[in-house]
Amino acid sequence: MKIYNTYSRQLEDFQPIEPGKVKMYVCGPTVYNYIHVGNARSVVAFDLVRKYLEFRGFEVEYISNFTDVDDKIIKAAVSENISTKELSERYIAAFYEDTDLLNVKRASQNPKATEFIEAMIDFIQELLDKDYAYISEGDVYFRVAKSKNYAKLANKNLADLLAGASGRTDEETNLKESPADFALWKSVKADEVSWQAPWGAGRPGWHIECSVMSTSLLGETIDIHGGGADLEFPHHTNEIAQSEAKTGQKFVNYWMHNGFVNVDGEKMSKSLGNFTTVHELLQVVDPQILRFFLATTHYRRPLNFTDDALTEAENNIKKIENAYRHLDDQAESNLSALTTFRNDFVAAMDEDFNIANGMTVFYDFVSWVNKGNGGAEVKAFFDQVLEILGIKFEIEQSLDSEIEAMIEARQLAREVRDFAKSDEIRDALKAQGIVLEDTKDGVRWHRE
C-alpha cells in the first residue's frame, strides 16, 4: 500500500509504527457554526481512508478533535449573548447529527481543546524551558528561527516567509522577536474565557491544541495526520515545529491533505460567503447522495459542487442499488471473475486510496452482477465496497413481498391480455416510486 506524503511530495510505502495497527489524527471543526460541504469533504475523505484501512485488516485508532475555544467562537457567543461552552456544545451536537446522516463512523475519540488546557500549559512550559518559546507581555510565542526545516511541509522556506511578513505593523507583530513567530498562548482580553498559567491568564493558540491532543492520545509519533490542504500552512507546519521541538522525535510519518470543494472555480469557505451548510443541504438532498458525491472523487483532487454533480451521484446510486436489490445470494457464479474484481479494486485503492479508479472497477462489477451473477461471496464483496463508500441500502422485506405480489398480479393480467389491469398495476407501483423493467429474465423493479 502506498500513500502520497505531503511532506515528501511523493508516494511512499505505508509502514505503520506498530504492525497491524494505525494511529490516525484528523483535524476537526472549529465549532462556531454548522459544517459546510467543504468541511464535510475532509470528514468523508478520511472516513473512507479509515474504512479502507480496516477493510485491509488494520486496527485503526482514529482521533478527530473539536476546537471549542477560538476567536470565532468567542465572537459568535458574544453576538448571541451566550457562553462559549453553550455555543460550542450546540454545534458539536449538530456535527454529530450531520455526520451520522452521512454515515461517518464515529471517531475512537473526539477530544475537545478545553479538556486539555492543563496539558497545553505543561507543553508550553517545556518549550519555554528549552528556549523554543518566549513570553512577551503575557503572550507566549514560538521561536520559528530555532526550528529545523520549518515550513518544509508547505514547500516554503523561512526567508520567503520573513520577507512576506516584513511590512506588517499590527500590534501582535510588534510583540514578536520575528514576524514569523506564532502564538502558543494569548493573554486574556476583557470578558474573554481564560485559564490561569504561570505566565498569566489567557488561552491557548490554535496550533498548540492539536499538538497536545494528538500526542496525548496517540503518542509522540503518529502514523497518519490528515486535514484539508488549507491547513498545510500555517497550522500543520506549526504543529510539526512545536511538537518536534518538545519531543525531539518525528511528529508524523505520513501527512495527508484533501483537496478543496469549489464553487464557480473558488474554494468553498465561510470567509468568501459561498458556502452551503450540510445541515441546510440535507433538508433537500438525500444524505446518501451527498455522501456518494463527496466519497467517490480521489481525496487529493478538487471537487466541484454543482447540481449536475449531485444528480450524477443520485443516478449512480440508483444503478448500484438496483443491482444490489436483485443480487441472488444463492446463485452460482464464476468466482475467478470475482477474484479479479476484488484484486483490481484493492490494487486501485492501495495506490493512495484512489477511489476514482476503484469505482471504475466497481461499476464493472455492478454490470457483471446485473447479468445474473451472484452468490454469497459476491454479496459479501458488494457489502464490503458499500461499507467503504459509506452507502447503505435498506432492504424492506415486507414491502418487497408486497411489490412482488403486485408484479405477479400484473404478469397474470398480461398473460390473459388484460392490459388495462396490467397498466393499472404499473401505474399504482409508479405512484409508490417503483419502476418496472421487463427483461428476458422476467420483470425487475427499482425505486425512482
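Just so it is clear, glycine is given a Cβ too, placed from its N, Cα and C backbone atoms.
As stated in Swiss-Prot, the feature motif ''HIGH' region' covers range 29-39 out of the listed 29-39, 139-149, 205-215. It is 267-271, from the ranges 12-16, 247-251, 267-271, that Swiss-Prot records as motif ''KMSKS' region'. The CA atom of Cys27 (Zn(2+) binding site) is located 17 Å away from the CA atom of Lys270 (ATP binding site). Across the fold, the C-alpha of His235 (Zn(2+) binding site) and the C-alpha of Lys270 (ATP binding site) stand 18 Å from each other. Considering other CB atoms within 10 Å as the measure, the emptiest surroundings among the binding-site residues His235, Lys270 are those of Lys270.
The most densely surrounded of the binding-site residues Cys27, Cys210 is Cys210 (count of other Cβ atoms within 10 A of its Cβ). Per-residue confidence over the motif ''KMSKS' region' (267-271) averages out at a pLDDT of 78. When the Cα atoms are compared, Glu239 (Zn(2+) binding site) and Lys270 (ATP binding site) turn out to be 24 Å apart. Counting residues per DSSP class in helix, strand and coil order gives 3 helix, 2 strand, 6 coil for the motif ''HIGH' region' (29-39).
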